[in-house]
Amino acid sequence: MEEANQTGMIHFHFRPFSRLPEVQVLIFVTFLGMYLVSITGNLSIFLTIWMNRCLHTPMYFFLANLAALEVFYSSTIVPLTLASVLSTESTLISLPGCGTQMFFFIFLGSVDCILLAVMAYDRFVAICHPLRYTLIMSWRVCVQLAVGSLVLGFALALQLTVLIFRLPFCSSKEISLFYCDVLPVMRLACADTHVHEVTLFAVSVIVLTIPSLLITLSYVFIVAAILKMRSAEGRHKAFSTCSSHLTVVLLQYGCTSVIYLCPSSRYSPDRGQVVSVVYTFVTPVLNPLIYSMRSRELKEALKRAMMRFLVL
C-alpha cells in the first residue's frame with residue numbers, strides 16, 4: 001500500500017514496436033516522414049486559408065480550425081513516440097507527464113470529432129437553406145461553435161484525466177501502446193476501475209455517438225436536397241464539397257469507435273496498436289490531401305501560394 005501511494009515516483013514505459021534495430025530504424029523513418037507530411041500539409045492549409053480573403057467563409061474557417069487541431073494533435077503524440085522508437089532502452093514517462101499527454105490527446109481528439117459535426121451542420125445549412133446561409137452561419141455563430149467545441153472538449157478531457165490519475169498505480173509498468181491512452185493506462189491501476197470505464201464510455205458517447213448521429217442526420221437531409229437539384233453541375237458541386245468531409249468523418253469515427261465504443265473487456269492491445277497508428281499518423285496525413293484534392297478553391301489557392309514560394 002505504501003508503494004501504491006507514492007504516485008509521484010511512478011514511471012511508465014511504452015511497449016516497443018520491435019526489438020530489432022533494423023525494424024526500429026524503418027519504423028522511425030516512416031513515422032518521421034508521415035509526421036513531417038502531416039505538419040506541412042495542415043500548416044499549408046491553415047496559412048493558405050488565413051492569407052486568402054476569398055477563402056474567408058464558414059466552411060474554410062472550420063477547415064482551418066481542423067487543420068490547426070491536427071498539427072497540435074500530432075505533436076502531442078509523435079515526438080515522444082519517435083524518441084521511444086529510436087531509443088535502445090525503454091523510454092520512461094512520469095505520472096504527471098503521462099497525465100498531461102493523455103489530457104491533450106483526449107482534449108484535441110474530442111474537439112476534432114465535435115468540429116466534424118459542426119462542419120456537417122455547416123454543409124447542411126449551405127445546401128438545404130442556401131438563401132438563409134449567411135444569416136444562419138454568421139461569423140458570430142461560427143466563432144461560438146468553434147469556441148463551444150473547445151470548451152466541451154476541455155471539460156470532458158479534464159474530468160476524465162483527473163478521474164483516471166486519481167487511481168493508485170503500484171509500480172513502474174509497461175503501457176501496451178506508444179502513448180498514454182485511457183484504456184492501457186487504466187489497466188495498470190491497482191484498484192477497481194468500473195466507475196472509470198463507465199465514465200469513459202459516457203465521454204465516448206458524447207464525443208463519438210452523438211456527433212455521428214448528427215452528422216448522419218445532416219447528410220440524410222443533404223442527400224435529399226441534392227437529389228432534388230435540377231442542375232447536374234449543381235449536384236456535382238454539392239457532392240464534391242461534401243465528399244471530402246464525409247471521407248474524413250469515416251476515417252476519424254471509424255477508427256476511434258473501434259477502440260472506445262467497444263466493451264473494455266474486449267480491448268486488444270495489438271488491435272489498439274494498429275488502429276492507433278491509423279488515427280495518430282495516417283489520418284492527419286490524409287486529411288489535408290483529401291480536402292485539397294476535393295476543393296477547387298483551396299486547390300487553386302494552394303497552387304498560387306506554391307508558385308509565389310518558388311518565385312521567391
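Every residue, even glycine, has its Cβ placed from backbone N, Cα and C.
Just so it is clear, the model here is predicted, and its values are computed rather than measured.
What TrEMBL lists as domain 'G-protein coupled receptors family 1 profile' is 41-291. According to TrEMBL, the feature transmembrane segment maps to 25-47, 59-82, 102-121, 141-165, 201-227, 239-261, 273-293.
Count of Cβ pairs under 8 Å against the transmembrane segment (273-293): among 25-47, 59-82, 201-227, the largest is for 25-47. Long-range contacts of the transmembrane segment (59-82) within its own chain (CB-CB distance under 8 A, at least 6 residues past either end) are made by residues 14, 28, 31-32, 35, 38-39, 42-43, 45-46, 49-50, 91, 93, 101, 104-105, 108-109, 111-112, 115-116, 118-119, 122-123, 126, 139, 142, 145-146, 178-179, 241, 280-281, 284, 287-288, 291, 297-298. The average pLDDT computed over the domain 'G-protein coupled receptors family 1 profile' (41-291) stands at 87. Beyond its flanks by at least six residues, the transmembrane segment (102-121) meets 59, 62-63, 65-66, 69-70, 72-73, 76-77, 145-146, 149-150, 152-154, 156-158, 160-161, 164-165, 179-182, 185, 203, 207-208, 210-212, 214-215, 218-219, 245, 248-249, 252-253, 256 of its own chain at Cβ-Cβ distances under 8 Å.
Long-range contacts of the transmembrane segment (239-261) within the same chain, counting only residues at least 6 positions beyond its ends with a Cβ under 8 Å from a Cβ of the stretch, are 59, 109, 112-113, 116, 119-120, 123, 126-127, 182-183, 200-201, 204-205, 208-209, 211-212, 215, 219, 222, 226, 267, 271-272, 275-276, 278-279, 283, 286-287, 290-291, 293-296.
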